[in-house]
Amino acid sequence: MERELVIVVDFGGQYNQLIARRVRENNVYCEIVPYTYSVDKIKEKNPRGIIFTGGPNSVYDDNAPKISEDIFEIGVPVLGICYGHQLICTTLGGKVESAQVREYGKTDVVLNNSSGLFSGIDKNESCWMSHTDFVSYPPEGFKIIGKSGESPVAAVENIDKKIYGVQFHPEVEHTPFGKKMLSNFLFDICNLKGDWSMSSFVDEKIKSIKEEVGDKKVICAMSGGVDSSVAAMIVHKAVGKQLTCIFVDHGLLRKDEGDQVEDIFKKQFNMNFIRVNAEKRFLQKLKDISDPEKKRKIIGEEFIRVFEEEAKKLGEIAFLVQGTIYPDVVESGLGTSATIKSHHNVGGLPEDMDFKLIEPLRELFKDEVRAVGEELGIPHKLVWRQPFPGPGLAIRVLGNITEEKLQITRDADAIFREEIAKANLDETIWQYFACLPNIRSVGVMGDERTYCYTIALRAVISTDAMTSDWARIPYEVLDKVSRRIVNEVKGVNRIVYDITSKPPATIEWE
């Protein structure tokens, strides 16, 4: 049975993936396509609704993104948001002007709640605006259904053609009625049922992988992270022992992480699981290297060599599992999967290793990947594992790497994670970790002078890692973490907490 589909047309706005996630929260499947995507291709996908996103351009600029008027003849409801609202109005004969006063942030708006778009929503609401242009009058046949102090045409509708536009951003949390408005569009205007669920996704994916793989062999480069673990589990459910997972333990993992991954996938789920202990090999290559980009390159290249050696031992392999998720697809503009000779997650596989790619998660956002993991019975602790960079602790130990520095960082990080979990903050904070900034400072311990390392703690709140704010961890939790690390981790006498947002800082220190 063909599933319901909403197309999100991307005009370059910062919230575009968030729009798609909001649609999927309503159990409606949607895909993001660039504004250059042809109307014929959109028609072929047979969407039940179309959403135009925001964007950074002005619609009256010569080089501003445009779209063919033919899209309105497909005959399905269309909703324009911010730039999308302005684009609908200018394309169909309305007028957009540059505003004297910019509307940015929380804005009061008056809505016509007799419109189906605003059904069940109060007349006077607050919303999130972010624009310097405004619609000064709507196209012929359109009715104004919303206005604000600086936007006389903050929302429009053409009931006959089922075309709607809003100047504000319903997808963000700062628009309290936004989820209800999107729900109205999906279920009352597009007449969708909401047939997208993780259980149906898993069933469909297992069936399609079985058909594609047949009796051939499959390998997966497993990192122990959420994406590769869930991807491997789906393929294992489909083809069983035809899948072999290769777990390269480079000695740069968090405390006990390698053992936990092996216990789950080899012992609990009975997978073909090869763990390669390559710690000495990696540390030798990283000796005296302090530049973070050089570290990344060395680790990536060595990973390829180890993976190649192990893969060749398995004989002829037809397929490679990759944990690509939907944001990767959107941000890189990837098309349909094809036979590849590179694997972007591990820096590129050797040219003589040809695999057909299996990307079971390429349609999913991160929260959906976690939901699939739970559906498949992967332990909750692994499904909610913290994001962890491919180079591991190599980029959380600033400067050159030694076994001593790695152990200090590993032990400090374990204490931090343990106390965050005890405080029931582990699923509300997006990412939290300890790093070693390669700073020594003077201290006093037991009436003696010390000259030891400093540990920096980093914890951030985010939804997508594109932007983040530092987490306001209760002082008593930070106090306990600090005292435990100083007392339990040899070689540390000072703890600092990073209170920088992204931007200007990145989440990781290197």
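Keep in mind that glycine also has a Cβ here, set from the backbone N, Cα and C atoms.
Taken from Swiss-Prot, the feature active site, nucleophile covers CYS82, and the record attributes it to sequence analysis. What Swiss-Prot records for HIS169, GLU171 is active site, and it gives sequence analysis as the kind of evidence. Annotation source Swiss-Prot lists ATP binding site at SER223, GLY224, GLY225, VAL226, ASP227, SER228, SER229, citing sequence analysis. The domain 'Glutamine amidotransferase type-1' annotation in Swiss-Prot covers 5-195. According to Swiss-Prot, the domain 'GMPS ATP-PPase' annotation covers 196-385.
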Fewest other C-beta atoms within 10 angstroms, as judged across GLU171, ASP227, which are the recorded positions: ASP227
Residue from CYS82, HIS169, GLU171 whose C-alpha is spatially nearest that of VAL226 (ATP binding site), among the active-site residues: GLU171
Tertiary neighbours of GLY225 (ATP binding site) (same chain, Cβ under 8 Å, six or more apart): GLY323, ARG385, PRO387, PHE388
Neighbours of HIS169 (active site) among the recorded positions CYS82, SER223, GLY224, ASP227, SER228, SER229 (Cα to Cα, within 10 Å): CYS82
Long-range Cβ environment of SER229 (ATP binding site), under 8 Å and at least 6 residues apart: MET222, VAL261, ILE264, PHE265, GLY323, GLY373, ILE378, LEU382
CB within-chain contacts under 8 A for GLY224 (ATP binding site), separation at least 6: PHE247, LEU253, GLU257, GLY258, GLN260, VAL261, ARG385, PHE388
Rounded distance in angstrom between the Cα atoms of GLU171 (active site) and SER228 (ATP binding site): 29
The residue listed as 'active site, nucleophile' and SER228 (ATP binding site), Cα-Cα, nearest whole angstrom: 36
Cα-to-Cα gap, SER223 (ATP binding site) vs the residue listed as 'active site, nucleophile', nearest whole Å: 40
Model confidence over the domain 'GMPS ATP-PPase' (196-385), averaged pLDDT: 85
